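K.L.:
Reproduced below are the annotations present in TrEMBL:
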DOMAIN    52-178  domain 'DNA/RNA-binding protein Kin17 WH-like'
COILED    149-176  coiled coil
REGION    176-238  region 'Disordered'
COMPBIAS  176-187  compositional bias 'Basic and acidic residues'
COMPBIAS  221-233  compositional bias 'Basic and acidic residues'
Amino acid sequence: MGKEGFLSPKAIGNRIKAKGLQKLRWYCQMCQKQCRDENGFKCHCMSESHQRQLLLASEDPNKIMDNFSQEFKNDFIELIRRRFGTKRVQNNIVYNEYINDREHVHMNSTQWETLTEFTKWLGKEGFCKVDETPKGWYIQYIDRDPETIRRQEELERKKKQDLDDQERSAKFIEEQVRRGQGGREPEEAPVFTELKRESEEEKGEIVALGPSALKAAGSVKRKDVPSTSETKEKKKKSALDEIMEMEEQKKRSVRADHWLHPGIVIKVVTKRLGEKYHKKKGVVKEVQDKYTAVVKMIDSGDKLKLDQSHLETVIPAPGKRVLILNGVYRDTEALLDSIDERKFSATLTLDSGRMKGRRVDGIAYEDFSKMA
């Protein structure tokens, strides 16, 4: 009797079964073959093709596992980015959608044994924000695409510009009101008190005063009070305070969340690279995507590719040259004059640009670094 046809009930049933997900223990990741039962998996393990794949894997098993781990990580992150974006979602929901693809890389062939371990690894590497709740682990994708970051910076800059326009309009209105008043303090209403005679001799000295005389008397009393100098001092102080506030707003408006710059000396603060590089200094040779730096270590000469969150600035001794990395004077070379350890800031003298020679106070430690 010949083989059953392609449209026979048994053949159709086998194709329907093959479409769905099968048991993981009967899947061979090396051959990427799914078996439907234990007997089929046993026959596959005895086949020549499977034995040949095992011989290839035995030459460098770590490389094979790294390739599977890299592929699993890339597909998982791509699914989060494309399907959920930057929304906060439970890791099990993402994993269930990931395994719907029959050709996906199974987790038991990677370096991670459980989904929880893989979720923690995503948080440590900075791919996602992770947090644990009573309902399980949640992940949120961190979009570091340069185009997305540029759009976000433009939106923030537009919001700050709108706020600055509102503040300028409010100050302009206050200035117009002050000019309309002629720079004088608002006049206080006269206070009338009960007339009391200290002696009987003052009875004949009572004189009726009209409204104009009362107004003149009130003005004389106000002139007797030495408040002119105090008022001027208050006005001077308020103008100085306004200038300082405008400077602070200007500094805040030009700050950025990235500070890496080629040619500066930095210190490695992450412990994940081992004691060989922890707390060691290096020089930034190249900056990639604003947040990643190629660092050449000073002691060993090794080159490392590190994120700016794993680095910190280096504060040299007074008199040394530094580079301002953030704020109004960004990308300006300066000389370190003094350090204020209580406020974690320093005083610098600008050594380049149009403001060369200007002395600047209150520059935070993280806003400048030693030059190589």
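Using N, Cα and C of the backbone, Cβ positions are placed for all residues, glycine too.
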K.L.:
Summarise the domain 'DNA/RNA-binding protein Kin17 WH-like' (52-178) by DSSP state, stating how many residues are helix, strand and coil.
P.N.:
87 helix, 15 strand, 25 coil
K.L.:
Taking all residues of the domain 'DNA/RNA-binding protein Kin17 WH-like' (52-178) together, what is their mean pLDDT?
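P.N.:
It averages 84.
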